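Contents: one structure, followed by commentary.
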Amino acid sequence: MTLAQNDYSPAAEQPIYQDQAPFVADPSILHEPRGQAPLGSLEGLQKSIPYQEGFIGDLWQLGYIPQKLSSLYPTLVFLILSFLFFVLLRNRVRDRIQLIIFFLFSLFVLGPIRLALPFGISSLYGVVRFGGLVLAFFLLLRSWKTAFPLLLSSPLLVPLLLYTATLLLSFLHVLDASSYMSFLKLAVTGYLFFLIGFLALERRADLRIFSTFFAVSGGVAAIMMFIAFGFKGIYQNILKALYPLEGYLKLLFDLQRGRLTPIWDIEFLGQFLLYRIFSGYRSSRIAAVFVFALLCFVVLLSNTRYRVILLLFSLAAFVVLFKKTQLLKQFFIPSILFIFLYLGISNLFLEVNVFDRFLLRDFVADRLPLSIRAEMAKESLAMAAAFPLTGVGLGNFIDYVSFKYRYHGVAFDPFYALVMDTYFYPHNWFLATLAETGVVGFGSLLWLVWRMLREDRDLLNSTHRMSDRALLSVFMIPTWAYLLGNLITNLYTSLPLVVLFWFFRGMLHRIAFDRLLKP
């Protein structure tokens, strides 16, 4: 069935189910040996029951996922840790706004832990959304006399308003309103953190404070993931107890495929540690080097191609901008030894390594995803041709896809509902925008990105001190990596990365646009 045959409506074709048989309750279903799928396992259960909205929650109610902790206990722990965070750092971070920003970003290190809080907040990510809304509103009230004139005269205003208008107008052809609202909420959250980054930065020297925070955050996340690699059983039990079921299953699915997925995307934070190594005190460099090596090791253990590509891009960009090309000679032999160490550990414990994935040796894991992305790119162009002005609707790409994929040849095979999210999107923010918002939305996004990159070029050209140039680059590079990554994967659907991108863009825009900003 093609898009033309389907007349651009949801496919009426029903999936074919196999192994239709009663399932057997088994409390150990998530601990079956790799490659086996007994009928009582989650894999067998997903083969025998059609997926429908609420299916994952039904598994929880049926007892297939142990309810070790209710949301109440993680909520109590969260409140206690939050109190300790503010008590311990209130004297170290004098600016209370910065302290709140650090707190919100620290939550990403822990991931989407389940909570039971007022205002419908059900996870740590919900705390970030709500905290961003309150903080942005407060900052606007505090500095409305200076903020509004600056924002209204911003060169980013017109392309941003045009892009936002296309997001709203795309509702005309929406088939799934809940998906539309979810993606719109994600975009609004990004805008809020752009405002926070723009308004919270009062002097350029604050960038050093933020760079230290993100270096520490990347180090903490890397250490946590390395411990998780050493104690995978305990790690899985903690995730099972604290995470929403869908988030837990995604991480479990990656582990079964030999991928240690970082809770936070630490490949975007490596250059902050490099900056600490070259600009920090000699006494702290040894620790920074150790943590940086650990971060690179964890990214390699993720055995995910795009993470390795973005880490290498970020480090190369920093070396070029900071003019430290001699490092390539100094670290050549240590890097070779480091790679051999990774290969030995990854092949022994995870049974796969990222270099084999680049060589496309596994058809299902390596080659098939690339061919499916090519099909999704064709679908994007076909949708744009059918709806050139408004697109198919924000977040509704999957509802117009006619391409049918069966994981291992069977609908609802192991974790089929999870890989649908991966395979039924074009892995390209720009193609998705073209399909979902039309030609105008696509053009406005390109215009917005061009203005941002031009802003970075002008800012670097006007900065003559190498130390200041390096400091600016560590905030620019993650935004470039985000744009690059969105050419090959679905980074635009990740709340932590959307927040990080827009927050950094807000700070950089304030520095580039507000010439009266204190040094």
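Even glycines carry a Cβ here, placed using N, Cα and C.
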Of the residue ranges 407-428, 429-450, which one carries the transmembrane segment annotation in TrEMBL?
429-450
Contact count check, CB pairs under 8 angstroms to the transmembrane segment (283-301), set 123-141, 148-174, 213-235, 470-488; argmax is 213-235
Take the transmembrane segment (308-325) and find every residue of the same chain, 6 or more past its ends, with a Cβ under 8 Å from one of its Cβ atoms.
267-268, 270-271, 274-275, 278, 296, 299-300, 302, 354, 460, 466, 469-470, 473-474, 477-478, 480-481, 484-485, 488
Whether the transmembrane segment (123-141) meets the transmembrane segment (331-350): three or more C-beta pairs under 8 angstroms
no
Tertiary contacts of the transmembrane segment (213-235), as residues 6+ beyond its ends and Cβ separation under 8 Å:
102, 105-106, 108-109, 255, 260, 262-264, 266, 269-270, 272-273, 275-276, 288, 291, 294-295, 297-298, 301, 349
Please work out which recorded stretch in 180-201, 331-350, 381-398, 429-450, 470-488 has the most C-beta pairs separated by under 8 angstroms from the transmembrane segment (97-117)?
180-201
Leading contact stretch, 331-350, 381-398, 429-450, 470-488 vs the transmembrane segment (180-201) - CB distance under 8 Å
381-398
